[in-house]
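As recorded in TrEMBL:
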type: REPEAT; residues: 10-48; note: repeat 'HEAT'
type: REPEAT; residues: 164-202; note: repeat 'HEAT'
type: REPEAT; residues: 203-241; note: repeat 'HEAT'
type: REPEAT; residues: 242-280; note: repeat 'HEAT'
type: REPEAT; residues: 281-319; note: repeat 'HEAT'
type: REPEAT; residues: 320-358; note: repeat 'HEAT'
type: REPEAT; residues: 359-397; note: repeat 'HEAT'
type: REPEAT; residues: 398-436; note: repeat 'HEAT'
type: REPEAT; residues: 476-514; note: repeat 'HEAT'
type: REPEAT; residues: 515-553; note: repeat 'HEAT'
type: REPEAT; residues: 554-587; note: repeat 'HEAT'
Amino acid sequence: MAMIDEPLYPIAVLIDELKNEDIQLRLNSIRRLSTIARALGEERTRKELIPFLSENNDDEDEVLLAMAEELGVFIPYVGGVEHAHVLLPPLETLCTVEETCVRDKAVESLCRIGAQMKENDIVDWFIPVVKRLAAGEWFAARVSSCGLFHIAYPSASDQLKTELRTIYGQLCQDDMPMVRRAAASNLGKFVATVEQSHLKTEIMSIFDDLTQDDQDSVRLLAVEGCAALGKLLEPQDCVAHILPVIVNFSQDKSWRVRYMVANQLYELCEAVGPEPTRADLVPAYVRLLRDNEAEVRIAAAGKVTKFCRILSPQLAIQHILPCVKELSSDSSQHVRSALASVIMGMAPVLGKDATIEQLLPIFLSLLKDEFPDVRLNIISKLDQVNQVIGIDLLSQSLLPAIVELAEDRHWRVRLAIIEYIPLLASQLGVGFFDDKLGALCMQWLEDKVFSIRDAAANNLKRLAEEFGPEWSMQHIIPQVLEKINNPHYLYRMTILQAISLLAPVMGAEITCQKLLPVVINSSKDRVPNIKFNVAKVLQSLVPILDQSVVEKTVKPCLVELSEDPDVDVRYYANQALQACDQMMVSS
């Protein structure tokens, strides 16, 4: 939005700019519409600016998209809600353009305006727009109209409501698949506004037409309507009308339709109640888990925990677990990855015994999967299993897999494991961490890949925050400081970075006694990169240390570095000295 103190552009300038050949000028002009409207005042905006925009919509899609967006928030500039109807004509025209994103934005803006309009204005102005678009010769207009019914319907009279329902029914049987698709995807929003008495009659017949459409792209959108309708109907009606449709869809010849059912099925279980779920939906879900298309199995596997939560543990163990076992050795890595990302959530549902007997072997097979994503998805959700089976069992089975991942030849896998270490540490506790994972964290500081070393230094900081300075003094600081003598300068640089990250967590006393001497010592290093990193670290330590220490220890070291033969070392040393002086002045 333009700022108020911008020069106020008269309409003549706008017209010139909108006719300019340069698209950027036209775009800027549209984005300044609110400023222009303020300059013109409400009445001239209604009488001059809006009609001009209505006529001037033969432009690049980018400009039309910006116009559709601006008009959605234009009610204040035309004199408030009572004059909102003047914004409908330009948006109605934009609803008929070929470019989908422009139409979608125009529909969104119309909905925003319609939601604020008074009831009688909706009847007088908004509903005629919907009817004109729905009767448009060009399919684009009819597609756009489908997204407006849910705004128009609640304010309409009974006679108009009947008419709107009839029109929507016609759109669902339109010759163009694009229109039927739009009608199917907006059905959920529309039925939410329709009275209960009409749901079972007119709306169900509309819905039946969509579910039997010959285009799979229409049928798959009708699946979403199943869930929306299921929530609105009484359970017995849902069982009578929606359940057979879903069961049919779960065996549809198009995998895309089955994919949508796999995504939506658990929502329907709540709508139909426990008995039909057990009798009809569980077999349908099992079919989807064993589908011959990997995409369908991925969608079904991703919902396995949500589905199990709705069922009793017995049903889940009896029907779903055998499929889960099969999926854990599925030929598609993406199926196994989808399963690994949710399977941990099954532990609380099934309880301790079933988890140990049935799930733990599946976790272990996924932890040994050849694809790192599968293994990482398991490790990232361990807390859910820990709550159910306890740490001892978990650590016995889990640790070998973590160690294996920590030494994986793909550096991205090692990186992902490092990022989970603080989470594992908090879940598994300090004792487990010291025994098993401490050595790994130190090993990563000397990895060949910089990103790993960088992440390892950050990891140490997060561990220090998790377990506190006292623990860090025993288990982190000595091992880190030992490595400052590594013959390779890149590894020495990582240690300096680790020190600068750990210092704020450890506090002034430990920093002064243990960390600062090591940094000062490194200023004598023969490699310039180390020396200018020393200057950077010292600058970061200044706010933590006492003034007396800065004066006696830090500044002399920086003065020495500021006279170094290397230009970079001198530059960073001077930067640090300036920071010291500023600290002195401010304190």
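Yeah, the Cβs are placed from backbone N, Cα and C, and that goes for glycine too.
Outside the repeat 'HEAT' (320-358) by six or more residues, the chain places 282, 285-286, 289-290, 294, 297-299, 301-309, 311, 313, 365-366, 369, 371, 373-375, 377-378, 380-382, 384-385, 387-389, 393 with a CB less than 8 A from a CB of the stretch.
Beyond its flanks by at least six residues, the repeat 'HEAT' (164-202) meets 127, 130-131, 134-135, 139, 142-147, 149-150, 152-154, 156, 209-210, 213, 215, 217-218, 221-222, 224-225, 227-229, 232-233, 237, 241 of its own chain at Cβ-Cβ distances under 8 Å. Among residues of the same chain six or more beyond the repeat 'HEAT' (242-280), those with a C-beta under 8 A of the stretch's C-beta atoms are 207-208, 211, 216-217, 219-224, 226-227, 229-231, 233, 235, 287-288, 291, 293, 295-296, 299-300, 302-303, 306-307, 310-311, 315.
The helix, strand and coil residue counts that DSSP assigns across the repeat 'HEAT' (242-280) are 33 helix, 0 strand, 6 coil.
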